[in-house]
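Note sheet for the following structure.
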């Protein structure tokens with residue numbers, strides 16, 4: 001069978017060479033120096049002789065891009081894009097084969113920023129868009145010095161090779177031809193492999209491979225639709241060819257104008273072989289002749305981190321794991337994030353509130369590529385509980401042989417595998433345990449309380465704050481009491497000062513009066529508010545009478561002031577002279593009250 005396939009390949013190559021020989025009589029459309037294109041001009045592209053291919057501007061998103069495309073209906077098929085990761089161009093952009101022999105793109109017609117489309121070592125003198133879909137630049141002896149076939153983007157066409165060491169990178173989408181998420185690499189060891197673009201390019205990331213053949217190979221697609229790997233040694237030996245797919249058509253019919261074959265790494269990560277049947281009116285029919293995978297969920301990275309792929313009918317749909325939401329609901333392939341918002345997280349950190357965790361309902365037949373950080377011989381219930389008790393664990397996978405595997409985040413390359421016995425459980429924040437609609441009904445699951453690590457700090461802060469507040473209240477209260485008492489004594493002092501201003505009186509201390517009366521020893525008489533004692537002033541031996549108040553301070557002083565005012569303003573030979581007084585000392589009021597509950601005044 002393999003011999004027949006190889007024989008068919010040889011015969012197809014002979015037929016292709018014959019076709020090429022005939023087509024060489026048709027001269028290609030020559031593009032001369034000084035020719036230019038613009039989206040605003042009448043000429044927006046340069047056509048191949050048959051009109052099947054064009055090189056020039058095409059619409060992309062909100063602007064334009066430069067590339068090669070098939071002019072089939074109902075949709076234009078892009079086969080190559082120049083500077084594919086640049087921003088879309090405005091309608092004022094121009095593409096020119098300059099008089100200096102450069103293929104130059106200007107962003108506007110006012111000689112704005114320019115960028116070379118093709119890097120050449122010699123000056124080009126002309127260019128052509130060929131019927132093979134290859135755009136070429138020629139030197140002055142019509143030798144090809146640059147061709148688009150040498151730098152493919154996501155597609156190879158009939159007659160084009162993907163040489164060892166080169167890659168195809170998928171487009172972002174059908175309408176956006178900038179670099180996408182998947183890569184097809186022709187390795188130097190002859191292995192043709194498929195990887196996600198942002199991966200480590202190791203075995204765990206690879207989702208399809210042709211296998212090693214022991215020598216460097218090229219991926220080739222001939223004009224009759226054979227896709228094969230060709231070794232670079234002894235190219236004449238058919239044993240160095242490994243056929244991947246036969247895209248030749250058996251139902252071409254007489255009305256068929258042309259059949260174009262292309263192999264494209266599509267935006268979904270699957271490498272496919274297509275045949276385009278194009279009629280003379282440019283209408284076409286596109287057939288998928290072969291693909292490396294049938295199930296899109298087998299493409300690693302089809303769904304992003306913390307999500308999984310599930311087939312619903314023939315469509316592959318991305319779902320978030322329980323406790324996660326899509327990063328972008330309009331682009332679910334980007335993956336998912338844990339669905340608790342940052343504000344709630346900050347509130348928990350500040351307030352020390354308890355955060356509740358739960359285990360989601362089990363998901364059956366779920367697989368992902370991560371290696372577990374812990375494998376335990378536990379039963380199902382203990383397996384899920386062990387994840388609750390482990391701060392590093394966010395998911396567990398359990399098999400019916402008491403095999404419990406614990407995983408950290410993020411989880412990669414999740415997908416549903418039919419007829420698997422595995423059960424997957426996820427740790428979720430209580431209240432956020434949303435699960436996909438196709439997940440089986442939930443079970444009664446354990447929950448755990450996890451206290452914020454900042455709780456002790458919060459308790460200490462609250463305690464210190466309470467103590468500080470109580471100290472503040474005590475200080476304010478003490479100050480108010482002090483002010484009230486000071487005010488009372490100030491009134492007494494002011495009254496005594498006023499009394500002193502009325503009379504030129506000498507002020508005595510309590511100790512002086514006590515010593516003068518020998519401790520208030522000899523009583524001369526008694527009045528309404530106190531007793532009068534005999535005394536002698538120290539240093540002058542002058543006899544005096546000292547009256548000592550014995551009733552309430554305010555009442556006694558009020559009466560005593562009236563008495564002193566009367567005596568002080570009355571001058572009579574039968575009345576003694578008032579020579580001094582003792583006023584309460586605010587700083588010694590406790591001593592005065594202890595030794596003598598009233599103040600004492602001196603009179604003669």
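Placed from the backbone N, Cα and C atoms, the Cβ positions cover glycine too.
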> Can you say which of 431-456, 457-482, 483-508 is given as transmembrane segment in TrEMBL?
Replying inline: 457-482
>> Applying a 10 Å Cβ distance cut-off over all chains shown, what neighbour count does residue 547 (ATP binding site) have?
In response: 22
>> Taking only the residues in the domain 'Bulb-type lectin' (28-150), give me the average pLDDT of this model.
In response: 92
>> Looking only at the domain 'Bulb-type lectin' (28-150), how are its residues distributed among DSSP helix, strand and coil?
In response: 3 helix, 54 strand, 66 coil
